């Protein structure tokens, strides 16, 4: 039995008068900063309100209402042995990659429902996966705190794990990852509260993004012509917009009442939607710098896990923890449809690159394609 | 009773926030209101009379009425109440699904309701299983036996304590009267089914990995954080913003433009591959078709960004630019994109090549940008980084966007492709044909093969378009002389 010697402690001397005043000063300054912070926050709200001359649903009054929707499950992809946590579409509009709790990452041709590749990760809870823009590789990561890239091959029998490349290294779980406009860079978000941009070839950290006070759960890259920003959402209830070049947070929105599980840009890049554990989806206008719509209903109280827009931006699809999918009219703020089918929470939802369908992954071990 | 221990602060490992619990608590209290709650009664199950049992149909009807939703949604809600452990089934204790019939359920006692403040630990579960084992050997279900064996291994160092607790609880239980004991056993079993669900039982308390932030505690913001946040607020106040009417108007305009291109809002021609199992839509819209569809050509006119993002559109734009002898702007833009999104190791080489081709005085494809931007860019290229061409690239993009793009849309090149473009007829498959389609879904071309083809085409194009270096040619001729 090892006994650690107790270090002799110096007897606590009475606080020297200077130290006492310093401590009091520090407390005063903290209180002072807090008041200043609250004043500034109010002033920001005032500035935003000055330019707020119309509500979204007012502008939407002239827009014609949507008709009835008939959306059905067109494919059910069975093959994962445990909860499906994440999925992403390939640019060819038919292939997808999905990852699950048991460490399996599967590449499917969703159109034919054939499984083309399967990789077993060395960790469980693979919470993030992404398809490379070229269609030649996939990235994934989770509880291993890393993001790894697997080049795909035409040979179905090839062992993909042999060519695996470790790219990102975080100090906590990987919650989301995305390729930028090429296969050469990956953007990641992590439970350690940071996001980071990495060079795939060398594994070098190109830029890190600090500012979230807790786990970052999701991110999305801006589709705009300049393509230099991305938005992230976290457990600190904040959605932050970042400049990839400088690493600075350029805009921040804190209106949700709980964790933000998903963020997605509006197709034009001038706005983004968020889905949160507080059961609401919200739309934020980046040019007006404010929240402009809340998509919620009294009867919907279970968290949103994942959101995505249809191609035109008129519809917002949300996957919920009560196993359903709610479809919202982005302009009028009403729910246009509710879809049933999954037997456990919907954990991930993405619209296909050409907008012809959307895919949901669920904790019931399956993925479904809806159109 | 099981000892409640405050979850130890293991340095930032907490359960994810569950925002819905407050509302669920309030709802379940209402449901049990003697006057306005769910109608319950005594029910006979086997030989025993069960007090306060309610049927699934009554629960669903109550929810549907209260939340003003359809029966289907109310059923989903009911299932969630079970998945969270507020209601438990009396007949099949492992099936946490609300059925809209005379199946029997009961409300869980508030003592066992889910709460964010306290999370049952493995040792609590071990005590529960040990207690049941003491009562009657062989009473554990197979999955519980497996769990028990695992816990016995992991918690071996605590096992004496666990057995002691289990024995105490067992003894305390014996002192209660039979009816109470039966009810309590039911409740306790329901609690553990939700907190340690057997395979194929869907419990809402089966959550993902733990989080950094404690959902029960208000964040303590440090001095530094306040300073940073205040600076951020000041910058945000100063930043120029747009009037809501303007920015929201732009959102509406976008939706209106793209309305007919959204497969959920307008029919996809010839048909949506996911609906008819026929992939003509994808074949007609491939990267390198000779003749694009009318919808695709229309989309090119929405913005320069659309035109350039669709590589087929970019090809058409290049044809137009070649006729105008002004291809260098787009070439520069493409080279700058390659630099931005390329590998870190290729940057210096690319930067040098771009300088020689586009920016150096007398360069073969010299781009005409303003002096200030040129100066900044050339200076930046002394120490190239991936955003060194940002200013020049934006300038060039704006030039194309405001001038070249509109001339392209009015040009014979664009008008020609508009005329040639295809307008596929809508498919009209009979049920038999649809079945046939489903059996013969085409595999398409693998993206890796397409990528290889693309790379070959790009290399060919690059080789073909190397600009004639006039100086080199002239000096060769001079030397020959």
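Positions of Cβ are set from backbone N, Cα and C atoms, glycine also.
Keep in mind that what you see is a predicted model, and the values were worked out from it rather than measured.
Across the range of the repeat 'WD' (A:77-118), the DSSP-based residue counts are 0 helix, 25 strand, 17 coil. Look at TrEMBL and you will find A:77-118 (among others) tagged as repeat 'WD'.
Taking DSSP states H, G and I as helix and E and B as strand, the repeat 'WD' (A:167-208) has 0 helix, 25 strand, 17 coil. Per TrEMBL, the feature repeat 'WD' maps to A:167-208 (among others).
Per TrEMBL, the feature repeat 'WD' maps to A:209-252 (among others). When Cβ-Cβ distances below 8 Å are used as the criterion, the repeat 'WD' (A:209-252) is approached by residues 172, 175-176, 178, 180-181, 187-197, 258-265, 267-270, 272, 274, 276, 284, 286, 289 of the same chain, each at least six residues removed from its ends.
Positions annotated as repeat 'WD' by TrEMBL: A:253-294 (among others). With DSSP states grouped into helix (H, G, I), strand (E, B) and coil, the repeat 'WD' (A:253-294) comes out at 0 helix, 23 strand, 19 coil.
The repeat 'WD' feature in TrEMBL is assigned to A:304-338 (among others). Broken down with DSSP, the repeat 'WD' (A:304-338) shows 0 helix, 21 strand, 14 coil.
Distant neighbours of the repeat 'WD' (A:339-371): 71-78, 80-91, 93-94, 96, 98, 100, 108, 110, 262, 305-312, 317-327; these residues of the same chain sit at least 6 beyond its ends, with a Cβ under 8 Å from one of its Cβ atoms. Residues or ranges marked as repeat 'WD' in TrEMBL: A:339-371 (among others).
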Long-range neighbours of the repeat 'WD' (A:304-338), counting only residues six or more past its ends (CB under 8 A):
56-57, 59-60, 63, 65-66, 69, 71, 261-268, 273-277, 279-281, 283, 293-295, 297, 344-351, 354-355, 358, 360, 362, 364, 370
So how many of the residues in the repeat 'WD' (A:209-252) end up helix, strand or coil by DSSP?
0 helix, 23 strand, 21 coil
